[in-house]
Amino acid sequence: MNDEDKSKEELLKELAELRQSLPGFEESYERHKQDELDVIEANKQSTFQAQRVPLGLIKWTTDFKVALWSDMAEHIFGFTRAEAEGKSGFDLIIPESNKELAVELWQQLLTREGGHRTISVNTAKDGTRLLCEWHNTPHVADDGSVVGVSSLVQDISGRKQAEGELKEYIDELVLLVKDRSIELMREVERHRQAEDELQLFRAALDSSADNIFLTDRATMHFVDVNDAACKDLGFTREEFLQMGPHDIKPDYTLHTMVREFDEVLRSDGEVGVIETIHLRKDGTQFPVELLLHSIMSGGRDIIVAVARDITERKVFEDRLKRLSTTDELTQALNRRKYLEIMDREVERVKRHATPLSLLIFDIDHFKAVNDTYGHDVGDEVLKAVAELVRDNVRKVDYFVRWGGEEFVIITPDTELFKAVIFADKLRARMEEHDFKTVGTITISIGVSTYEKDDTQETLMKRADEALYQAKQTGRNKVVSTEDLNVDNVPQA
């Protein structure tokens, strides 16, 4: 029926139905418009975060030309975005000596056979050679072909230099590490791009052997951690998200942690490496080396902390320190440490007028022990003597191996007569002790005490003279500087 044939009532009815349907169309249109705005905003945030992460982001075409060059990539290599985009990676950052290997790794990526994680030597704009860690992810089309590659890169030259390994790496030694597969969601629609790049960032975090923590400065709570942090500290990611950095730092309060983070924000986003302690879920503690960065995400200041366990390094440093201050055989302090202690103790006596006494003793006839039983047995005797002395000295005393079979004991806050009493007790216990193979061992002891205007040299000289007197008058005895003075008084 034509419109002309319709009655007035029918036309009015159709008009009313059309008006009722209009709000639904308008609502659908508004939702569609908002979805498009959300997609645009997500892309902006994705690109912004990619520029702010503490890793360089580079996208490549299949012929290894730069399609995207982030601010951090510019910071690492020195090339601006305008200088880099459209240029071949071989010409930009691959040194001549590494090009053959780079071609091989690139082919592995294009054929999806490997090359996801590599450590290689690269060249900056100014010619500087850098040691870089790469995380590479091929972009795969629906037909399975690779249409491009995204790379996250970090300059680790300083880290390797700190570990004493930079020279080996700069000499063109390229480490091929176990590939870690990073599967990205396929690129489909424009609104999926932001999620893909966040997935890439997540994979880069979890592929790191270092502990990585992301903290919201405003709330002082973790907003993300990587797998290594969960594994090393024993917390799940869900547990971490209910915690803050002060919960894993026994030597920091929330207030001091806030000050530390604010210092990062004031220093344009990064502070130098600091050493601190981290606390595991089981209550054990371990030392870490910490690097702090700040990024802006969604209008929030985010602090990125990268922590590395330095337990082995600390053990090695402690051992070096012990070796520099202790005698390796007996574990007594050595002469170098003795001089440091005596200078300090003599100054303390001068300032506070407190007593200070010194004992020096010698194992009697020790040469005969070595000659009769050999040096191995002699060493065992020295260790046993040292252990017996440690069992009898006070915590405030210092026990030193002076050399050979001679030892020194520094006794702060001790008058001469008390030092003599202690020396005689030590002599008696040494005589009573069974030294197994050699049986009985005796010692001779000289004792001196600080006198006005003494130096550590004059104090030791008098103790040594007393020891000499003890050995000359029968051994297995204690002689003090007071005894020497009595012996030297002229007879009437």
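Heads up, residue numbers simply count up from 1 along the chain you see.
Here the Cβ of each residue, glycine as well, is placed from N, Cα and C on the backbone.
Annotations in TrEMBL come from automatic prediction, not curation.
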Annotated stretch (coiled coil, per TrEMBL) among the listed ranges 1-28, 113-140, 309-336: 1-28
Residue distribution over DSSP helix, strand and coil in the domain 'PAS' (65-113): 30 helix, 6 strand, 13 coil
For the domain 'PAC' (267-322), the number of residues DSSP places in helix, strand and coil: 12 helix, 30 strand, 14 coil
Integer mean pLDDT for the domain 'GGDEF' (354-483): 96
